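> Before I ask anything, here is the structure I am working with.
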Amino acid sequence: VTESVCDWLAGLRLEQYSGVFQEWGFSSMSDCLHLTPDQLECMGVALPGHRKRILNNLPRESGAFSRSHAESPVPPIPPRVTPNCPPVRFTDPIVSERTDTVTVKKTVATTPPLQKPTPAPRPRPQNLPIKEAGSKAAVSADPTLLSLSPPLSSTSSLSSEHFHLYEQCSSPGQTGMGVPPLPPKCYPVAGLKEPPLPPRLPVPPPRVNTCCCMRMYICVSVSIPECRSIIYQKRWVKLDAEYLRYFDSEKEVYSKRIIPTYCITGVLSVGDQKFEVVTDNRIFLFRAESDCKFAQCLCLFFYRQRGSRDLNINPTGTPEMQGYLELRGLRSKLYTVVCADKVFLYKNQEDFRLGVGITSIDMNVGNVKDSDRRAFDLTTPYRIFSFVAESEQQKEQWINVMRNAISEALSNYEVAEQIWVEPANMHCADCGVAKPEWAAINLGVVFCKCCAGEHRGLGPSISKVRSLKMDKKVWTEELIQVFLLLGNERANQFWAANVPPSEALTMTSSSEERRRFITAKYREGKYRRYHTLYGNQSELDDALCVNVQSNDLLETLSLIFCGADVNCFTGDPEYPSPISLAQKHKQILQVEFLTQNRNTGQSNVLHYMAAPSITHNGFLFKTASMVRLITERKAKEEFSRRWCTLNDGIFNYYESDKSSTPNGALKMKEIVCLAVDPPLKHGYDHTFELYSDSERLYLFGTDNPDTLREWVKSIAKSFIPAYAESLLQQDFERIGRLHSKDSLSLETPQNGWFCLAGSTLHICLENGHSEETIHLRKLQELCDGDNLDESLYIEGERKLDFLGWTGAIQRAGSSGDSLSEQQLTDTDIPVIVDHCIKHITQWGLISDGIYRKSGVNSRISALLVDFRRDARSVWLKEGDHLVDDVANVLKRFFRDVQDGLFTSEAAQEWLSELKDDFSKVARYQQLFNRLPTVNKATLRALINHLYCVQCYSDANQMNLHNLAIVFGPTLFQTDGKDYNAGRVVEDLIQHYIAIFNVNEEQLKKQKDEISIIIKVRDKMSQKNSGAEPAGDFICTVYLEEKKESAEQHVKVPGAMTASELTCEILDRRKIRVREKDYWCCFEVNEKEETERPLHYNEKVLPIFHSLGTDSYLLVKKHYSMEAMLVYLASKVEVTKHGVVRFREERSLLGLGSFNERYFILTSTSLRMYKDIRSNRSEKEWPVRCLKVYLGIKKKHRPPTCWGLTVYYESDKQEKSDRQYLCCDTQNEMREWFATFLSIQHEGSLWPAEGCRMRVSRSVMADPRLGNVSLIPLRGSENEMRNSVAAFTADPNSHMTVLLLFVYVNKPFIRS
């Protein structure tokens, strides 16, 4: 009995338990006499064989009960000699009170020999009578498990023996079977001497976030059959207060399985270091690596499971969003749940319902990025989760919800919970939403997220918006006390004392309604309760100085926002400000509130003034409301006479002036735009349009211009806010509300009111301090898009009125007939004049006979049309535009401009004769100063240019006299009838410096620049002249089909385009071109069975050089052009996408077969996807490197005859790749081909003048190519002879041919 436990265990070869026995206070054998199997199991002796060996070798005492094996026959229950007491069994180490054992004498005591335990499942007993305390059966029942494990029905899929045993023990029908019921608690019975129990492990405190991590073997199954081999997998297991998780290794961050502790229904020990964790649909079988780990883990499992079940812990809470998402790398979709600050992944929805998931992602380390189409990435430091949603709309929802979860994870609710202690702060001060998370620290109100955005729009001088969760540093203890003392209810006694029920916000109010209400409440003070001293500044300041000495914060708020100056002088030099006065009286809350409003003064407080009521009535003619823009003239018959009234912001129209019920009504706050039409646009001479925010257009008309003017001004005054009333002073054509952004803040649009008057756009922004003005004719570029660097970006609230704004602005920015209506530069010079002068100065200043030679009339007319359509988009180039053509465009412009350069009123004064030079200069200066601004700038620029031209008269032969002869009749539009016109122009050029007060140093600098330009051009021409000259080429072109009778030999200069070549061929054959005829030049490849229509601006000579022996040029009608133009005109955006059958030249996708692929053609690239659901393209080609041909070679066996052959030509590749696209119908092929051409040629498929433009026979040769013509020769010597003979026999050829025999591989001969 006195032997030490360590020596005794060493004799039993169980020395591994020595430390455990020492920890539990068993140092000698006498301490171990009363050990029970349950106590040994609790101490960590998990193996039944080890427990038997220890119990069987304990010294026996007299009267001590003998231990029997579990398999011994069950003895009958002896009569009780003590009050009802439960048998002693497994003692829960977590229970703080000790459960003492009770010794009962057994009638039968048999000690079976020790047997090696086997893993075979135990038989399921039919009845389980309660044995005596010392029996094995009696100690196998655990009261803890009895209370934790609920009874399972017979239909349950769980077939573990433990559950059936416990179900029978806890059955309420046991008392009817003669078995005494077990008491609910274990407590000692008086009068019995019980042996003391060893000390227990310390009880962990409830709900402590401790975590147990260890490596275990795990087996997961739904039901465990009686005969089945169990396979364990080693996993790293983590157990904390909320979850049981296991991982592949301890280095993994995201688990393979996550089980909330509230889902665990039972924890069972099954022996051999194994235990079961039971959930509603699965049994998780764990096996520890050692007995010590087994005991530790089992205890923690008991504690976690009991705490979760008792407290009903559900860590997932209410999901913000849930649904299936595809996770890249997995074949199946995962059921994803976003809840609070975590994202949970489940195998399916059923697992989510049962609570057993895969893993959870903490969003405090996450970041969400938009990836491509339906895909987005959730990035963490440990892994990137690439999700794919079912649609782009759902993707945006998932991204927003996950970003909110990130904000939630980074939030701190400590301040919010303190603020919410005040019941009034539990609801938004503006709309009433529960649990607001934002506040204005200077206004003393708490509001929701939706209202916070509108408060932020007021600016920090009015509302200092701070978050209750994220701006923790701002919230000092004093500021929190201010909000608790004020509260939303008391603050609204001042801010919202007079809110009409019709204007009050609700939880479902729109952003526009919130903006109007919050602006009126805090900026304008429309609803506030004004102080009795309002309007008397000195008394307000005195009252503030008195009140800060008390703790009445609401009175301080009322005084400040009714005009009291926070920084006023108190009259005491020692305490000069109200803040210092509050500090003196130790009013720390007053100090805090005054500090937050230190910058809030009388200048920042706007007081509400009711808008004057506009009243007007009269008869108007009205059409039915429309949902589209008016594109055609409305006749008088379509108008109906209506009596209209405007009163209290409502526009009503009645059947007559005697009707009491209106036919319709328009609230002025719903009007977003008012447009005044030009006279005589519709049946009635004067009309105006009203656009409402419900996408409706109302047209009204009258024959009286004064009536129109009165109605327009009255309606405009009714819906234009006070800060934009300056716009009403303009004689506007259109006025309304739009959003605008500048290049520095594209993400934050500002509300503003826009007014279009003539070619000037006036802007009043909501937060602006002054009116802005934009001259539309001086814009560098006007386009539909948002990819501008230095620009004003305008967007509309509704599509209908914005389309009207777009058309009106484009018309206002286009060119007119008079000089002042032209598109202008910054210096008020018409763009057409500026471009022509710059081009001639650079390329034609020394050209012989400049301004005297006539250019090609067709090119002059076409260039003039382009300038008048949009002069900003015309850029003159040396190779494309000859200087004589440009010079004649400039002359024709001045000849045709309305009212002339000198104006029709002052022209005769300019032409009056003056003899003295001094008087001439003075008179010209006087007349020049009387000209309009645009005329003055244009005349100065033109005379400056002509002065520079005459300075180089030795080279260009254009002296003063010659220039005067040319420009005199042109500028005065006299057609040569008045010789004084030339004299005036000559005088202006001769006395240029004196008349225009020119700075001679600046003029000298200009001449030096021109001299440098001329020298550089001379050097370039000398460098190019050293090369061997090459002339025009004689090309063979066929008309309609390839045959000898249709063969044409054409002299092709380097600058000839496909359109000019087509017109040349048609002129030769004298073919008349009708209106709907689309003649085009085709490149035909007989070998590949393809053809390609050349663009009308495409140069012919490079195409001809690239032709192979199987290719030729063919002029014929393009029968699909009209259908292509109609298709492109119907598209808003030139893009194309769809499923097309695809095959590439090298057949990488199959053995010569066509496969369906999804293609997307944009302005930059052609992308190919495997199918419409794919997120990443298989291939991508830049559009600028693609050349598209009609047709596919029959050898490739296309499934249909409607196909395209696409060549990809790149500088990095010597040989071009070839792709084949096969369409199902001809229309589909036309649409794809038209989209390709439109993108590659910027939407210009066909010239505006068509093929009616004729090319002059005497086409000027390109000086870089020389003047020698060449004949192309191919094939054998006989074929070359035939080609030359055909050329000499051509009646249109007037050249003498010198035949030189050359080798076959020489491509050309000289003629």
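Cβ atoms here come from the backbone N, Cα and C positions, even for glycine.
Among the features that TrEMBL reports, domain 'SAM' is placed at 1-58. If you look up TrEMBL, you'll see 63-85, 108-136 marked as region 'Disordered'. Annotation source TrEMBL lists compositional bias 'Pro residues' at 73-85, 114-126. The feature domain 'PH' is assigned by TrEMBL to 318-407, 613-720, 1133-1241. The domain 'Arf-GAP' annotation in TrEMBL covers 404-539. Residues annotated as domain 'Rho-GAP' in TrEMBL: 817-996. If you look up TrEMBL, you'll see 1031-1120 marked as domain 'Ras-associating'.
Could you place these features in context, so I can see how deep they sit and what lies close by?
Mean pLDDT for the domain 'PH' (613-720) in this predicted model: 90.
Secondary structure of the domain 'Ras-associating' (1031-1120) per DSSP (helix as H, G, I; strand as E, B; remaining residues coil): 21 helix, 33 strand, 36 coil.
For the domain 'PH' (1133-1241), the number of residues in each DSSP class (helix H, G, I; strand E, B; coil) is 21 helix, 42 strand, 46 coil.
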> For the domain 'SAM' (1-58), what does DSSP give as the number of helix, strand and coil residues?
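For that range the per-state counts are 36 helix, 2 strand, 20 coil.
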> Within the domain 'PH' (318-407), how many residues are helix, strand or coil going by DSSP?
25 helix, 40 strand, 25 coil
> Which residue counts does DSSP give the domain 'PH' (613-720) for helix, strand and coil?
21 helix, 44 strand, 43 coil
